[in-house]
Amino acid sequence: MQILIINGPNLNLLGRREPGIYGTRSFDEYLPELREAFPDFTLEYFQSNHEGELIDKIHEVGFTYHGIVLNAGAYTHTSLALADALAAINTPTVEVHLSNVAAREEIRHKSLIGKNCIGSISGFKLDSYRLALHYFEGLRPKRVGFKV
Ligand code: DQA
């Protein structure tokens, strides 16, 4: 399965950015562990601080890839354009957040993109990405001869 993890604005600073909220590890440090945990997946990674680049990437993969794991950062709460991009594509998308957005400032409680995602995982720090990938693991075609 081909899955793209997309990180939005300021997530390139993971590990250095507000470590009390987002943890002390960078995403680049974590990604090899994820790849090891899901050897059957082709896991690609894209990060951008620019709304238009995130939208272009969603368009690029959104009709062919099996899944998108999206942490849109602050655009989660503000970007109707990102929400529209997710509505336009076929690839199922799981929304993730490192922090528990429900326990933070009220402005972070609203997700504009959530309604166009399969579901949302929030609050497990970097582990949120692993939990999201388990959803796609469940979608994998069953082994031949395996009866359900
Ligand atoms: C975040 C939560 C957002 O509210 C915030 O703007 C981020 C990171 C998270 O992963 O917890 O940049 O998406």
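Backbone N, Cα and C atoms are what each Cβ position is placed from, and that goes for glycine too.
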Exercise. Kindly point out which candidate in N49, N71 is recorded by TrEMBL as part of the substrate site with H77, D84, L98, S99, R108.
Key: N71
Quiz item: If you measure D84 (substrate binding site) to R17 (site 'Transition state stabilizer') at Cα, how many Å is it?
Solution: 29
Self-check item: Same-chain residues at least 6 apart in sequence whose Cβ lies under 8 Å from H77 (substrate binding site)
Solution: I107, R108, K110, S111, L112
Quiz item: Judged by the number of other CB atoms within 10 angstroms, which among N71, S99 is the least packed of the binding-site residues?
Solution: S99
Quiz item: Same-chain residues six or more away whose CB lies under 8 A from the CB of H97 (active site, proton donor)?
Solution: N71, T76, S120, I121, S122, G123, S128
Practice problem: Could you measure between R17 (site 'Transition state stabilizer') and L98 (substrate binding site) for me? Cα positions, answer in whole angstrom. | Solution: 12
